[in-house]
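Per TrEMBL, these features apply:
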SIGNAL    1-20  signal peptide
DOMAIN    42-303  domain 'NADP-dependent oxidoreductase'
ACT_SITE  Y76  active site, proton donor
SITE      K105  site 'Lowers pKa of active site Tyr'
BINDING   H139  substrate binding site
Amino acid sequence: MYLLGYYLVVLLTVVVTVRAGRNVRAKDLKVTLPSGDKMSMIGFGTGGINGVKTMTNILDDALSAGYRLIDAAAFYENEEDIGIALKELLPKHHLTRNDIFITSKLAPKKDLFGEHAYEALKQAIQRFGTDYIDLYLIHFPGYFPLPEPNMNFSALRDETWKQLVKGQKEGLVRNIGVSNYNIRQLKELLRNDHGVKPAINQVEWHPDYHQDELLKFCKKQGVALQAYFSLGGVNNKTVLLEKPEVKQIAIKLRKSPSQVLLKWALQQNVLVVPGSRTRKHMDQNLDLNFKIPEADMKILNNLKQAGRISMFPDIII
Ligand SMILES: NC(=O)c1ccc[n+]([C@@H]2O[C@H](COP(=O)([O-])OP(=O)(O)OC[C@H]3O[C@@H](n4cnc5c(N)ncnc54)[C@H](OP(=O)(O)O)[C@@H]3O)[C@@H](O)[C@H]2O)c1
Ligand SMILES: *[C@@H]1O[C@H](CO)[C@@H](O)[C@H](O)[C@H]1NC(C)=O
Ligand SMILES: *[C@@H]1O[C@H](CO)[C@@H](O)[C@H](O)[C@H]1NC(C)=O
């Protein structure tokens, strides 16, 4: 009798836990990074958003909607705007610096790469006006303009990483990672990681362009894959949002095409950072508590991939 009661309690606990797990709202979904920090699976992309007033208005909406991860970059020239906006917005939203997660990226420029990377990180922190950055990425495995088509950036990447590891040891940055790295570049980094393995690799990722081998490799190595251009980017969004297969699945599931595209990534444990200037879209993009049936996942996974949207060169040595 006793034992039966015990088993019932265990069973109930399991059921309740599983149900609670299923009901975690998408905005609260987190992954644990190698440092132990937890990072939201859905972040807010700020590429193309500039100016203090515009940034403040948009981030005000994003924080109200529930976003806590802000994806920025020196390349977007908006680190300072974000810093100023947050000074006003954090108190307004009853938040502190610790409640939000700031990602930024080392711009692909010659005078920031290699031995200059540590200084570049410090300058980024100054622009934000904060004490630290949560996640700092090497934006690109090389810099522009390419000095020569066959420039070998291998040694420079290694030096860059070494500088970022120093920044992490000193607490300037909590986590470090990379962006736009392919398997070869990741392998090279993992072979000689100076004691810190990359927390994430942020790459272009959507039904028209997904590198499944890269995802498999990242999962095996414990490097989280984070998607950009999940909705096709600002200039090319109709390509994905109006794709017949995406629209059909959206109608069937009573979701928007954007929700289908974001959920398609999350359901494969790929993190997302959609950008939006529209409050309704911001809400929609966090409202992802549904499941795409396996058959529909297959349809999206097996579409003929039109290829990448970003203009980054394909091959960087
Ligand atoms: N690491 C890299 O090299 C790299 C490169 C590119 C981008 N990124 C990062 O990735 C982030 C996302 O990229 P992105 O903003 O260029 O492109 P995106 O997220 O693929 O698409 C943004 C576009 O989709 C629209 N949109 C958003 N939600 C929608 C919804 N629910 N329904 C309909 N339309 C919707 C937005 O319009 P509205 O404003 O009207 O909502 C906007 O024009 C960037 O902000 C940046 O942080 C990183
Ligand atoms: C690039 O340089 C590294 C050493 O810094 C070397 O190991 C690698 O083979 C080189 N790659 C190519 C394609 O030349
Ligand atoms: C994306 O948009 C740019 C700018 O409008 C255009 O040049 C490019 O061809 C588009 N790419 C795709 C894949 O549609």
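In case you wondered, yes, glycine gets a Cβ from its N, Cα and C as well.
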Separation of alpha carbons, H139 (substrate binding site) and the residue listed as 'active site, proton donor' (Å): 11
Cβ atoms near H139 (substrate binding site) (within 10 Å, other residues, all chains): 23
Those recorded positions listed as Y76, K105, and which of them has the most Cβ atoms within 10 Å of its own Cβ: K105
Annotated recorded positions Y76, K105, H139, filtered by Cβ under 6 Å to ligand 2: none
Per DSSP, three-state class assigned to the residue listed as 'active site, proton donor': helix
Coarse DSSP state, helix versus strand versus coil, of the residue listed as 'substrate binding site': coil
Residue pair K105 (site 'Lowers pKa of active site Tyr'), H139 (substrate binding site) - Cα distance, angstrom, rounded: 5
